[in-house]
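Feature annotations, reproduced from Swiss-Prot:
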- CYS195, CYS198, CYS201, CYS262: [4Fe-4S] cluster binding site (BINDING)
- CYS205, CYS252, CYS258: [3Fe-4S] cluster binding site (BINDING)
- TRP210: ubiquinone binding site (BINDING)
- 67-144: domain '2Fe-2S ferredoxin-type' (DOMAIN)
- 185-215: domain '4Fe-4S ferredoxin-type' (DOMAIN)
Amino acid sequence: MSLFNVSNGLRTALRPSVASSSRVAAFSTTAAARLATPTSDNVGSSGKPQHLKQFKIYRWNPDKPSEKPRLQSYTLDLNQTGPMVLDALIKIKNEIDPTLTFRRSCREGICGSCAMNIDGVNTLACLCRIDKQNDTKIYPLPHMYIVKDLVPDLTQFYKQYRSIEPFLKSNNTPSEGEHLQSPEERRRLDGLYECILCACCSTSCPSYWWNQDEYLGPAVLMQAYRWMADSRDDFGEERRQKLENTFSLYRCHTIMNCSRTCPKNLNPGKAIAQIKKDMAVGAPKASERPIMASS
């Protein structure tokens with residue numbers, strides 16, 4: 001699987017076998033060192049023996065377009081680091097290399113900012129625990145243009161999201177008070193509204209890799225279904241008609257990478273399948289729609 005960035009207007013592929021930078025910090029150990037009695041050389045400031053670990057992180061600087069993307073290694077003492085990968089990234093940026101660039105905000109799996117590929121899996125760095133036994137490789141979300149280091153360009157992703165009109169469209173909005181729905185109708189939105197638009201699912205989808213200019217991808221399609229399934233929305237038929245073309249919806253081939261990688265345990269593949277069914281046999285009443293939330 002290749003990762004892409006922008007260099008002089010062209011996409012440059014970085015394969016996992018790419019050589020590390022000559023500036024990579026070397027780290028090695030031996031059985032004797034692991035079994036040695038702690039001394040001032042191998043004891044951290046906490047008084048515990050150091051638990052050293054390497055993080056190999058994708059680096060690319062748009063200000064130096066002639067330099068190829070590379071993996072740069074950083075060594076941390078896990079006894080001085082929080083338990084999550086995002087904790088390690090923040091420690092590296094604060095204490096070792098301030099040029100390292102990545103997105104982050106809430107640190108609790110709500111905002112979706114820190115989505116990246118960690119050890120081959122798209123996930124949120126704030127929810128991914130550090131593997132204490134093996135080196136960790138961190139890349140940006142795959143098959144996206146790269147702004148810098150671990151920051152993907154999500155311009156096209158948000159353009160597609162805007163295209164589905166992600167808001168209620170109703171002909172019967174109450175003139176006063178709330179626009180109510182029954183508990184059963186509300187229950188049909190579980191497993192849909194929790195999406196945080198992190199793009200982990202879309203960037204894990206091979207169909208989206210090759211057709212992202214026209215295929216909307218699992219995240220956006222699940223959000224499209226979220227509004228179709230809402231009992232307060234009166235434009236479900238029009239929303240489905242907008243997807244009636246070769247690429248927008250039907251490039252989904254039920255590979256299901258999207259459902260496997262979702263850090264919120266949602267099922268975009270199931271939502272996409274329901275859109276296809278609605279378009280084939282007609283949409284059911286809101287209160288009769290299948291429940292998308294995992295049991």
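Heads up, residue numbers simply count up from 1 along the chain you see.
In case you wondered, yes, glycine gets a Cβ from its N, Cα and C as well.
Here the features listed in Swiss-Prot are painted onto the structure.
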residue: CYS195; record: [4Fe-4S] cluster binding site; Cβ contacts under 8 Å, 6 or more apart: ALA219, MET222, GLN223, ARG226, LYS264, LEU266
residue: CYS198; record: [4Fe-4S] cluster binding site; Cβ contacts under 8 Å, 6 or more apart: GLY112, SER113, ALA115, LEU124, ALA219, PRO263
residue: CYS201; record: [4Fe-4S] cluster binding site; Cβ contacts under 8 Å, 6 or more apart: ASN122, GLY217, PRO218, ALA219, MET222, ASN257, CYS258, SER259, THR261, CYS262, LEU266, PRO268
residue: CYS205; record: [3Fe-4S] cluster binding site; Cβ contacts under 8 Å, 6 or more apart: GLY217, PRO218, CYS252, ILE255, ASN257, CYS258
residue: TRP210; record: ubiquinone binding site; Cβ contacts under 8 Å, 6 or more apart: none
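A Cβ within 8 Å of the Cβ centre of CYS205, CYS252, CYS258, the residues given for [3Fe-4S] cluster, is found for these other residues of the same chain: CYS201, SER202, SER204, SER207, TYR208, GLY217, PRO218, LEU221, HIS253, THR254, ILE255, MET256, ASN257, PRO268, GLY269, ILE272.
The DSSP secondary structure for TRP210 (ubiquinone binding site) is helix. Listed in sequence order, the residues GLY112, ILE196, LEU197, ALA199, CYS200, SER202, PRO218, ALA219, MET222, CYS258, THR261, PRO263, LYS264, LEU266, PRO268 complete the 8 Å Cβ shell around the [4Fe-4S] cluster site centroid, once CYS195, CYS198, CYS201, CYS262 themselves are left out. Mapped onto DSSP classes, the domain '4Fe-4S ferredoxin-type' (185-215) shows 12 helix, 0 strand, 19 coil. The secondary structure of CYS262 ([4Fe-4S] cluster binding site), as reduced to three states from DSSP, is coil rather than helix or strand. In the three-state DSSP classification, CYS252 ([3Fe-4S] cluster binding site) falls within coil.
Counting residues of the domain '2Fe-2S ferredoxin-type' (67-144) by DSSP class, helix then strand then coil, yields 14 helix, 22 strand, 42 coil. Cβ neighbour count for CYS262 ([4Fe-4S] cluster binding site): 24 (other Cβ atoms within 10 Å of its Cβ, all protein chains included). Remark: of the binding-site residues CYS252, CYS258, the most isolated position is CYS252 (fewest other Cβ atoms within 10 Å of its Cβ).
If you average pLDDT over the domain '2Fe-2S ferredoxin-type' (67-144) in this model, you get 97.
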